[in-house]
Each structure stands twice: as structure tokens, then as C-alpha cells.
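J.: Below are the C-alpha cells for one structure; questions will follow.
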Amino acid sequence: MTQDEMKNAAAIKALEFIENDTIVGVGTGSTVNFFIEALASMKDKIAGAVSSSEESTKRLKAHGIEVFDLNSVDVLDVYVDGADEITRHMSMIKGGGAALTREKIVAAVAKKFICIADDSKQVKVLGNFPLPVEVIPMARSYVARELVKLGGDPVYRQGVTTDNGNVILDVYNLEILDPKALETQINAIVGVVTNGLFALRGADILVLGSKDGIQVIQ
């Protein structure tokens, strides 16, 4: 299977975790785009979706899936999203598509977080993929200096503004041995909205597409 075929296979498998008449949390990214296509096949069986980005909202609506504001939803049974990296402990780096804050909010509300990915995303240690940090614009330089103190090499992602009106610093050369501690430490920097470590609230289930087929890891 090609990488896209692995992503698509994982996306289709994730439909098995979607119950009828529920509102589905939907993430953002290339793998999630396959999931949205798959979800459209059962759109008449679900109540609708909550989306983590403007891009996913457009795709969902284009398929005739109703999109709810998260503030109007008390509970989400399932949130389905991809990852840039994920470990066997279900900690992730996310945010390559700059939607990390909304992704983290929707994940916090969901009872179950299902990560869909191809096997290139599974790693032993997080940090080869640069860690995105969403920052209030006026704090960009200050936050960058603080991230250097933590051993990282932050790079301003030019030309990118998040759905929340903020900027992204991509932090290179971090060997993340304690994801929960680093997630907390970076979030404590004044001016940081959040960072792309999903360790305090990691995935509950990983649906992994590989050349050998689909693995479901819990």
C-alpha cells in the first residue's frame, strides 16, 4: 500500500468506533481528510460533527454533515484525528497544520480520542518532527528566547496565522523524553497559547495503517 492508501485504510477502520446518533469530533490534516470522506458514507446515521479547524468545517459541510459549535455540545463520545508523531505510550506531536489549539480543546471534551495514522508516524521518542507552539503575536520573540533555554531551536512559521489569529513557532532539535513535563513547561511560558504535545491528554486508541494491514492499538 502507498502512504495515502494506509491513511485511507486507517480512516475507514475508524468508522467502526462511531456510534449512531452521536456527534463526532473531527480533527484536521491529510489523514483526517480521508476520514471525512469515509464519514460522509454514514452521515445519515450520525447527528453531526464538531470540527477543530475552518478547513475541516468546510470539508464536512461540503459533504452535507452538520457542524456544531463546541459550546453547544455537552459531550463528545469520540474525537478522531491524526498525528505528526505518536509513541507506543500514545503521546503525540500534532499541529503541523497549525490547528493544535482547537484540536487540543476538542480532544479535552471527548470521552475517547482515536488517532488515525500511517506507520511512518509511529516513533520511539518524540521530537524528530518539529514541535509547533502557538503564540500570541506580540510575545513571539520572548517565547522564542525561552524555548532556546529549553534546548530547542525555534523557527517562526512565516505566512501562517492560526484560526485564532496567532502565530506558530516550530521548535527543532528537541529530544522529548518526558512529554508530559515538557508540555506543562512550555505551556507555562507567558504568551504561549498551547503547544503541539498531546501527552497530558494522549490518544486512547491508535488505528495504524501499514503495508501489512491495519493495527488497532489500545
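Note that Cβ sites are derived from N, Cα and C of the backbone, with glycine treated the same way.
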J.: What does Swiss-Prot list, out of Lys121, Lys124, Lys149, as binding the same substrate as Thr28, Gly29, Ser30, Thr31, Asp81, Gly82, Ala83, Asp84, Lys94, Gly95, Gly96, Gly97?
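T.: Record source Swiss-Prot; matching candidate: Lys121.
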J.: What is the interatomic distance between the Cα atoms of Thr28 (substrate binding site) and Glu103 (active site, proton acceptor), given in whole Å?
T.: 8
J.: Have a look around Ala83 (substrate binding site) and count the other CB atoms within 10 A of its CB, chains all included.
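T.: Summing over all protein chains shown, Ala83 (substrate binding site) has 30 other Cβ atoms within 10 Å.
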J.: Other Cβ atoms within 10 Å is the metric here; tell me which of the binding-site residues Thr28, Ser30 scores highest.
T.: Thr28
J.: Quick one: pull the CA-CA distance for Asp81 (substrate binding site) versus Glu103 (active site, proton acceptor), whole Å only.
T.: 8
J.: With substrate as the bound species and Thr28, Gly29, Ser30, Thr31, Asp81, Gly82, Ala83, Asp84, Lys94, Gly95, Gly96, Gly97, Lys121 as its recorded binding residues, calculate the greatest Cα-Cα distance and give it in Å as a whole number.
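T.: Overall maximum Cα spacing for these binding residues reaches 15 Å.
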J.: Compute the C-alpha separation of Ala83 (substrate binding site) from Glu103 (active site, proton acceptor), stating it in Å without decimals.
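T.: That separation, Cα to Cα, works out to 11 Å.
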